[in-house]
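Okay, structure first, notes after.
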Amino acid sequence: MTEWFSETLHPHWRQSFAADRVLLREQTAHQDLVILENQTFGRVMVLDGMVQLTERDEFVYHEMIAHVPLFGHGAARRVLIIGGGDGGTLREVLRHKTVERATMVEIDATVVEMARDHMPMVSDGAFDDPRAELIIADGIAFVAGAHQPYDVIIIDSTDPFGPAEGLFTPAFYGACRQLLTPGGVLVVQAGVPFLQPREIAHVNAALSAAFPEVAFYAIAVPTYVGGLMTLGWASEDAGKKVPDPAVLAARVAASGLAFGYYSPEGHAGAFALPPHIRAAARG
Ligand code: SAM
């Protein structure tokens, strides 16, 4: 009989996957990790009952969390990723040939190992790229002790529970700002506002306490259920958010990259939020 896996993120409503195969069920040092296979979405990674990514739709999140800050910045050479254990964000960052170094700081070595074993299509060789540096550590402690500056910092974390809770605070965002080069850009995941309105309000307040320029952009990821998901954007330089259309189009063309979701027009349009999301962000 098919086993059904139900996500436990929302108390009164759940999405479920028919688990054709459960490839892994493991209590790591930090969280409960499940990797299963589903006919519609392919391999699915779940941490502490919450869907992290699926093979079928991960490109949406990973393209948008990487290319919006990188093309918006325009000249990023050093990138820091906090979390992102599956390697999808690292993969998209390293597609930019202009990136000289991408440092990924993930708290849970088992997530990285198991993603490489059971979902290798997500990192697609990124961990073996000589420009990639993997550090197994708590992102909060790493940022507090780091001195090397970064042009772009991407917080690709779990939701603000357990080990990720401290990644959503003004103190952490302030420490990230100290690490950014002038005009550097920070991007963070900020939940699905229709179902998690407090998360975007909280991220907005915390980011705004640390940065002069804060915005949110929306993406549609089928398995982050409940409507549009938002990513928070912060910088000292508002101009790095949505460059002039001709400039952005030229940057994207010069990269030679092709995408499944990202486009220069979609980059600009993603910042045009529906009023109910703007209201949720205000709290
Ligand atoms: N795309 C996903 C989402 O939004 O649901 C996030 C995927 S990624 C697997 C999230 C990673 O953040 C996990 O592997 C988790 O171990 C890591 N993480 C959580 N707290 C962390 C911390 N304090 N420092 C570094 N990594 C952390």
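Residue 1 is the first one shown; counting continues down the chain.
Backbone N, Cα and C define each Cβ position, glycine as well.
Under 8 Å, Cβ to Cβ, and six or more positions away along its own chain, D156 (active site, proton acceptor) finds I65, I81, I82, G83, G84, T89, Q189. Annotated active site, proton acceptor per TrEMBL: D156, in sequence order.
Residues annotated as S-methyl-5'-thioadenosine binding site in TrEMBL: Q31, E106, D138, G139, P163. The 10 Å shell around the Cβ of Q31 (S-methyl-5'-thioadenosine binding site) contains 21 further Cβ atoms across the protein chains shown. DSSP gives Q31 (S-methyl-5'-thioadenosine binding site) a coil state; it is part of no helix or strand.
Within the same chain, the residues at least 6 positions away from D86 (spermidine binding site) whose Cβ sits under 8 Å from its Cβ are M45, Q52, L53, E58, V111, V112, A115, M119, V122, S123, listed in sequence order. In the three-state DSSP classification, D86 (spermidine binding site) falls within coil. The spermidine binding site annotation in TrEMBL covers H62, D86, D156, S157, T158, D159.
Per TrEMBL, domain 'PABS' is recorded for 2-236.
Counting Cβ atoms from all protein chains shown, H62 (spermidine binding site) has 27 others lying within 10 Å of its own Cβ. Counted within 10 Å of its Cβ, the other Cβ atoms near D159 (spermidine binding site) come to 19, all protein chains included. Take the mean position of the Cβ atoms of Q31, E106, D138, G139, P163, the recorded S-methyl-5'-thioadenosine site; other residues of that chain with a Cβ within 8 Å of it are H30, G83, I107, D108, A137, S157, T158, A164.
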